[in-house]
Structure formats: C-alpha cells, structure tokens
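First comes the structure, then the notes that go with it.
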C-alpha cells in the first residue's frame with residue numbers, strides 16, 4: 001500500500017500525519033507539494049491539518065481552489081480513499097468533496113484538548129478498529145471546527161449513516177454539554193456517500209503511543225493501513 | 001532638510017549628553033535619518049545601557065554551553081551532535097497597548113531569534129503578568145494576549161507547551177508578556193550574525209517593509225503616561241503564515257552552505273540588524289535603500305531604517321550564491337532582494353535615489369553606546385513573619401479550597417487550551433505539570449522546559465527573589481527527571497533612573513548569579529525590559545527565568561500525578577514557620593509582608609540531585625516541587641492530576657498553617673512503592689537530604705489527619721472554575 005500526504009505552504013500537521021501513517025505502514029509516505037499538479041499513484045491520500053495558505057480568508061477557501069486539490073478531487077471521485085483531518089476537512093468541504101462547512105467555534109476561541117468521540121457510522125476502512133457506539137479519544141486543535149450543514153443535508157448524513165464521529169462524554173453520551181465547538185448534532189467527522197472520504201476535525205495522528213497519552217490514533221491508522229493492504 | 005532642534009533630539013529619547021556624544025562621533029550634525037538610527041541603537045531596549053554593567057556579572061559558561069549571550073539566542077549541547085537553541089524575550093509595552101498583536105509579534109520575534117541560528121523551533125513557552133483580576137482592563141488584556149500568543153504559535157505549528165501567569169496590582173498599568181522559544185539544530189549547522197567577506201552580497205528576505213512599528217524600540221524604553229494609547233501605531237502587526245514560509249525557506253537555504261551570516265530584523269528593524277552584523281564582523285556595509293522591498297510608496301530613508309515590520313531577515317551570502325538562494329525564497333513566495341554589500345570601510349553607508357542619506361561609522365555607534373552606572377540603593381530585607389503571630393484558621397479544609405481557587409494557584413487550563421500544545425507530535429508532558437517535556441524528534445531524548453519567577457519574593461528581597469527564580473526553574477526541571485542545562489532570563493523592571501528600582505535590579509542579579517553558580521546552571525541568553533512604569537509606579541521586579549533540561553531517556557520522565565493507590569508519599573526538604581510573602585498570607589490574611597522563604601543553595605542542590613537521581617533510577621512514581629501555597633497545594637495538585645486522593649499525617653512540631661502552607665524552598669513531594677520508599681530513606685540519609693514519609697495515596701479525598709479532609713472533586717471544582725469565571729463577561 002502507498003500513501004501520499006498533501007503539503008500546503010501553511011500545513012503544519014504534515015509531519016505528524018507522515019509519522020502516524022509510517023508507524024502503521026512501515027514504509028515512507030509520499031509528501032506531495034501543493035504546487036505539483038500530478039499525484040503519484042497511491043492507495044490513500046491524506047490532507048493534513050494546518051493553515052494551508054494562511055487561512056486569513058475562510059479556512060481552506062484558497063486551498064480548495066489549488067491545482068493539487070483538483071487532482072485530489074478527481075482521484076477521490078474514482079474511489080481513492082481520502083483522509084482529511086482538521087484543515088484538511090475544511091479544505092474538503094470547500095472543494096465540495098464533503099457537504100457542509102466548518103464555522104468558527106461557538107466560543108470564538110481556539111480549542112486544543114483531548115476529546116471523547118462516539119463512533120457512529122460504520123465504515124470498515126476508516127473505523128473498522130472500533131465498534132459502533134464505542135468511545136474513542138483523539139485530540140482537537142482548531143479555531144474553526146463548528147460543523148454546519150442545512151437541515152436536509154443533516155438528515156441525509158444521519159439517515160445514511162454518514163456521520164462518522166460525534167463529540168461525546170466518556171460514556172458515549174452525546175449532549176450540548178459535550179459539544180465543544182457548537183457543531184450541529186455534535187458532528188466531529190463525516191463520510192461522503194461512497195464512503196471513501198473521511199473528514200474529521202479531531203487529530204487521530206496525535207495519539208499514537210502511550211508516551212503521547214493514548215493509542216486510539218494508532219488503532220485507527222493500523223486498521224486503515226490493513227484495510228487498504 | 002529637517003533642522004535638528006533640541007526638541008527633535010528630545011523626541012528621539014536622547015539626552016543632551018548623549019547628543020553631545022553623537023556630535024563628537026560624527027564631527028558634524030546628524031541628519032534626521034542618522035539621528036533616528038542613533039536614537040534606536042542607543043535606546044535602552046537595544047543598547048542595555050543601564051543594565052550592561054550588571055548583566056556582565058552573570059555566569060555564562062559551562063562545558064555544555066556552545067554559545068552564550070550576545071547572539072540571537074543561547075546554544076547548549078544536548079549530545080549526539082545536536083544543540084538546543086533558546087531565548088526568552090519581552091514584548092510588554094506593545095502588548096499593553098494592543099494585546100493581540102503585541103503578544104503575537106512577541107512570539108514571532110522570539111521564533112525568528114531561534115530559527116535565525118539554524119534551529120527548527122520545537123516549543124514555545126511564555127511568562128505573563130497581568131494586573132489585579134478585578135482591574136477593568138485585566139479581562140481584555142488576558143483575552144487579547146492569550147489569543148495573540150495562540151494565534152501566532154498555532155498557525156506556525158510550533159506547540160506552546162506551557163508557561164506561567166500571575167495577577168497583581170503592580171501590573172495594572174504595565175502587563176508583562178515574555179515569550180520563549182526552544183529550537184533544535186545540528187551543532188555543525190549553527191548560524192551566527194557576524195558579517196564577513198568584503199564584497200559579499202547583503203540580502204533582504206521575507207515580508208516587505210511598511211510604516212508599522214516605527215520607533216517601537218524607543219517606546220519600549222520609556223514609561224507610560226495617560227497618553228500611551230496614542231502609541232498604538234508603533235505596535236507591529238504579525239503575519240504568522242509569512243513567518244512559517246520564512247522559517248521553511250531559511251531552513252531550506254541553511255541546509256546548503258550559501259549563508260555567511262544571518263540576523264533577524266527585530267526591534268529597530270533594518271537599523272539594528274545591519275549595524276549588529278557589521279559590528280560583529282568588524283566590517284562596513286553599503287545599502288541601497290531603493291532595493292529594499294517596500295509595502296508603500298514614498299517611504300523615506302528614516303521610515304525604512306526604523307520600520308519594525310515583522311517577518312524579515314538580513315543575510316550575507318557567499319558570492320555567486322544569490323540565484324540558488326533566490327530560487328528557494330521564490331518557491332516559498334517571499335521577497336528576496338540584494339540590497340547592498342559588505343565593505344571594508346567600517347562604515348554604514350545608505351543611499352537612496354543616488355544620494356547618500358546616511359554615512360555613519362559602525363563601531364563607535366555600536367560599541368560606544370552609552371553605558372551607565374546608575375545609582376542604586378539596596379532593598380532592606382524584611383524580617384521573617386512567624387506563623388505563631390497568625391491565628392490558625394478554624395477550618396483548614398476551607399482554607400485550602402480558598403488557596404486552590406485563588407488567582408495565583410487556580411488552574412491555567414483556560415489559557416493553555418487555546419494554545420496548540422501537541423502539534424509536532426512530540427509533547428510528552430503537556431502544560432499543567434512542573435515543566436513541559438518535548439521529545440527531540442526521532443530520538444529517545446527529550447527536553448524539559450519551564451518558566452518561573454515569584455515577583456512578590458523579588459519585591460520583598462530582590463537577592464533572595466532572584467536566586468529563588470533560578471532555583472525554582474531548576475527544581476521544576478529536576479522534578480521531571482531532567483538534568484538542568486541552562487537558563488535564559490527576561491529582566492522586567494521599572495524605571496532604572498530611580499535608585500530603588502536600580503537596587504532591585506542589582507539585587508536580583510546578585511541572587512541569580514549565586515544560584516547559577518551553585519547549581520552549575522549558566523545564563524546563555526536574555527533580554528532586559530526597563531521602564532515598566534506608569535505615572536511613576538513601577539511593577540514588581542520580575543526577572544522571569546526560562547530553564548531547559550535534558551532527559552537522556554524520555555522514558556525516565558516523571559510527572560506530578562499520583563499513579564496508583566497505596567503508594568508511599570514522601571516529603572523532601574525542611575519546612576519552617578516563616579509565613580512571609582506566602583500566598584497564604586496574601587489570600588487569607590490579606591497581607592503582603594515579611595521575608596520570602598530563605599534560600600539555601602547547597603541544600604537546594606543536594607535535595608534536587610537526590611530527587612533527580614531517584615527518578616532516573618526508577619525509584620519514584622510521581623514528583624512535584626513545592627512552591628506557591630506550600631505542601632497542601634502541592635499534594636492537591638498531585639491528587640487532581642492523578643484523580644485520586646491521599647491520607648497524610650504531619651508531625652506536630654509546626655503550627656498547622658505553617659506545616660500546610662509555608663513556602664520553604666528546596667522541597668519536593670515524591671511517591672514510591674512501599675519497598676522503594678525504604679530504599680529512598682536510606683539513600684537520603686547518606687546524601688544528607690531531609691526525607692520523611694507523609695502518608696499513602698488512595699481514596700477520593702485528601703485527608704490530613706487532625707487537620708482537614710476534602711474530596712478531590714471539591715478541590716477540582718474551585719481549582720478549575722476560577723479563571724473561566726473571571727473571563728466570563730457578565731451578562732453573557
């Protein structure tokens with residue numbers, strides 16, 4: 001299996017993503033510079049966190065129109081799995097690969113902490129390591145992670161099992177009290193209809209060893225790599 | 001041409017005698033551009049004219065020090081051909097006037113100081129001081145400073161891993177924002193700032209120059225008055241995305257051997273960077289200002305030279321390497337301009353539109369900056385305040401809760417949750433412990449980092465306070481199991497022209513010197529911020545110390561959290577009945593009096609070496625230094641972090657409030673298995689280290705026999721709520 005990590009000039013979780021993928025994969029990931037318009041032939045494309053082009057405009061708005069993203073959209077349409085984390089999720093919504101938008105956090109502040117997430121939709125590739133309803137812990141680190149979609153889209157996401165993770169408590173209870181950033185329906189991550197794209201605000205690549213404070217992220221990547229091998 | 005009148009000279013912050021010196025050096029009157037250059041170069045901020053005499057007395061050497069003070073940052077060897085490069089710097093005046101941008105550009109500036117030397121920054125820290133919590137400006141300033149620090153570091157992708165925050169009325173009109181960055185470089189790839197090679201190109205990279213921040217260094221060298229708001233235009237505006245590009249582009253170019261010297265443009269911008277580079281190299285520089293990338297049209301030489309636009313660097317390249325370097329900066333979409341060359345004239349010659357607009361001798365301007373031996377008076381050390389002069393509170397549990405929910409001790413989580421403290425994937429000890437710990441990427445080593453100072457101690461007794469600040473950083477590093485290496489200092493004081501303020505400075509330096517010597521823990525970089533006064537009232541003396549230590553094996557790291565039930569809790573060090581300057585005295589009695597806890601540096605060293613060796617030998621399961629609020633607060637913090645309680649029995653040789661809340665130094669709480677506790681007791685005896693068993697971990701309350709019993713959740717409630725409550729705007 002081969003993986004590529006897209007690198008924008010303001011990406012800053014690109015190395016973390018590379019380390020996490022390589023820890024599970026055992027071979028190097030391709031780092032693909034935003035200025036390149038051709039992607040290597042890979043089995044997984046990761047769009048990492050950061051501030052793509054500074055994000056002084058809407059987060060991911062400029063990256064969404066970059067040449068490399070046109071290529072990523074094409075690959076995704078033909079079925080290549082795409083993991084879009086944090087700024088990657090924001091970029092994915094800007095391209096239309098995923099529905100909805102990420103607004104400023106309800107408290108108007110950057111939030112960095114570990115959060116409990118309830119695994120919702122079933123997707124063997126991305127969440128096969130976890131049972132539906134299980135609680136996993138990944139960190140968040142964002143200023144604009146407040147997921148918004150209109151009622152119709154929301155109903156479709158919920159109805160078709162496309163909600164991947166929800167902000168919850170340690171017992172899996174999903175409530176306003178566990179909604180860290182104001183996301184509609186506590187949504188932390190979603191799949192596209194075909195199930196080959198996962199966009200999520202939390203960072204699984206940050207909890208990949210006991211020394212870093214947890215291994216749920218390692219389980220996530222181990223499963224992802226195994227399912228694509 | 002503008003005539004240089006007395007008024008213009010005064011507006012530039014130069015005294016009459018300083019201006020006399022300018023005339024002497026030049027043998028003529030300066031023009032306005034030249035006067036502006038003298039003004040910033042001789043500002044307190046750039047010239048250290050009041051502090052130099054005393055800073056020189058600090059120890060700066062050790063076998064592991066690669067580069068001490070004088071460069072952009074200090075450099076220490078961390079083994080395996082790697083070095084840690086670090087510095088702390090103040091951005092106080094701008095942050096008070098415009099908290100978001102002031103703090104953000106403070107972070108940007110210190111990051112540049114570190115990556116200028118070839119290091120990739122791996123951690124940011126900060127030391128913040130605000131006015132009293134209920135001061136009308138405090139909430140606004142805390143909110144702006146914290147988002148500014150986060151806004152810059154988060155975008156750069158450098159984790160902000162911790163720091164410290166105090167609130168005190170002495171900072172009502174002058175907050176302190178001290179930012180620290182630590183980076184890692186290969187020891188054979190460290191870059192310095194001395195210009196060399198006659199004819200070599202002088203290259204400008206980064207952002208364009210605008211009219212922002214002109215005279216920022218001069219502002220930072222004066223007291224505030226009621227019109228300080230008008231100084232808003234002198235505050236710079238930060239662009240962290242451009243800085244991220246600049247970081248990556250510089251590191252990419254540094255991987256080649258094209259650079260001779262490099263210096264960031266910080267305070268006093270192009271002026272100070274070009275003069276420092278020329279002066280260190282003993283050469284001249286000729287610059288054609290027409291080639292400086294400019295954001296606006298019609299900028300004058302004066303504005304170009306004094307602009308403090310951010311995210312800019314000045315480099316000397318090897319001849320013929322311009323195209324290679326230009327390609328890298330163009331890839332990162334940054335300006336790259338050859339603006340001049342190194343000359344053998346020893347002069348700084350600036351031209352614009354074909355005219356010479358400044359012609360100044362480098363060495364006299366840089367080296368003959370005024371140096372003052374300002375008059376000072378020693379602060380009289382107050383007497384200790386004995387516990388038996390204070391009533392023992394009827395409800396000690398309630399007293400502990402009061403302290404845990406006080407401004408000094410309450411959780412800073414509200415702050416650090418706004419900082420990305422995990423990016424780069426190497427943060428193995430997050431904020432909230434004694435020190436933050438980040439792994440050296442790709443190795444089994446880790447760096448422990450902390451910032452500390454107890455300004456109320458420094459105010460009461462500068463010498464003790466200066467020593468305590470250094471010792472506390474050393475203790476915090478020790479408590480993680482790290483070997484302390486070196487410090488950076490950020491000396492924040494009032495107006496040095498007042499002898500009592502100068503006396504505080506002299507006293508703090510003396511204390512720091514003694515501690516650095518006793519602990520083999522030199523100063524390798526630093527910064528001085530004076531004139532932190534408003535309408536004649538100075539801040540508490542605040543020598544903020546940033547310390548770093550090395551864990552050769554990151555798996556040896558210790559944390560403050562109680563790990564398991566049934567473990568033995570031990571106290572390292574001795575407790576006395578001095579309650580002077582304690583948080584207890586301030587919060588419970590409403591008094592800020594007496595002598596701060598005494599410092600015994602020999603005992604400090606023995607106790608610390610014992611704790612560290614015990615951690616590294618695997619005998620310790622948790623460790624925490626005892627500081628603000630004393631033993632009871634330290635135990636509470638360990639209980640909170642481990643989410644489990646403890647049962648403690650204290651000897652009755654001291655009054656209860658002293659045993660629980662005295663702030664005696666050189667003390668730690670450690671835990672161990674019952675078996676290892678016996679080994680520790682034997683080892684301590686041999687090492688002449690006072691060690692006693694306090695009790696056992698377990699259950700969900702903190703119980704001190706005969707004194708108090710409170711549930712961990714009640715402690716958590718008061719500890720976690722204070723800051724969010726403060727920051728919640730009434731009515732929202």
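Just so it is clear, glycine is given a Cβ too, placed from its N, Cα and C backbone atoms.
Over in TrEMBL, the protein carries these features:
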- B:45: active site (ACT_SITE)
- B:91: active site, proton acceptor (ACT_SITE)
- B:89, B:527: Mg(2+) 1 binding site (BINDING)
- B:113, B:264: Mg(2+) 2 binding site (BINDING)
- B:10-49: domain 'Phosphoribosylformylglycinamidine synthase linker' (DOMAIN)
- B:70-185: domain 'PurM-like N-terminal' (DOMAIN)
- B:198-351: domain 'PurM-like C-terminal' (DOMAIN)
- B:432-550: domain 'PurM-like N-terminal' (DOMAIN)
- B:565-699: domain 'PurM-like C-terminal' (DOMAIN)
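Mapped onto this structure are the features recorded in TrEMBL.
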| residue | record | CB count, 10 Å |
| --- | --- | --- |
| B:45 | active site | 26 |
| B:89 | Mg(2+) 1 binding site | 25 |
| B:91 | active site, proton acceptor | 33 |
| B:113 | Mg(2+) 2 binding site | 27 |
| B:264 | Mg(2+) 2 binding site | 27 |
| B:527 | Mg(2+) 1 binding site | 25 |
Chain residues in Cβ proximity to the domain 'Phosphoribosylformylglycinamidine synthase linker' (B:10-49) (below 8 Å; excluding those fewer than six residues from its ends, i.e. six or more beyond): 1-2, 4, 55, 215, 217-218, 220-222, 267-268, 271-272, 275, 300-302, 305-306, 350, 357-361, 364-366, 368-372, 496, 528-531
DSSP state at residue B:264 (Mg(2+) 2 binding site), helix/strand/coil: strand
Neighbours of residue B:527 (Mg(2+) 1 binding site) among the recorded positions B:45, B:113, B:264 (Cα to Cα, within 10 Å): B:45
The domain 'PurM-like N-terminal' (B:432-550), counted residue by residue under DSSP: helix, strand, coil: 45 helix, 41 strand, 33 coil
Of the recorded positions listed as B:45, B:89, B:91, the one whose CA lies nearest the CA of residue B:113 (Mg(2+) 2 binding site): B:89
Residue B:113 (Mg(2+) 2 binding site): secondary structure state under DSSP, collapsed to three categories: helix
Mean per-residue pLDDT computed across the domain 'PurM-like N-terminal' (B:432-550): 97
Rounded distance in angstrom between the Cα atoms of residue B:45 (active site) and residue B:91 (active site, proton acceptor): 11
Within the domain 'PurM-like C-terminal' (B:565-699), residues counted as helix, strand or coil by DSSP: 54 helix, 25 strand, 56 coil
Secondary structure tally of the domain 'Phosphoribosylformylglycinamidine synthase linker' (B:10-49) (DSSP, helix then strand then coil): 27 helix, 0 strand, 13 coil
DSSP-derived structure type at residue B:91 (active site, proton acceptor), helix or strand or else coil: coil
DSSP residue counts for the domain 'PurM-like N-terminal' (B:70-185), split into helix, strand and coil: 45 helix, 43 strand, 28 coil
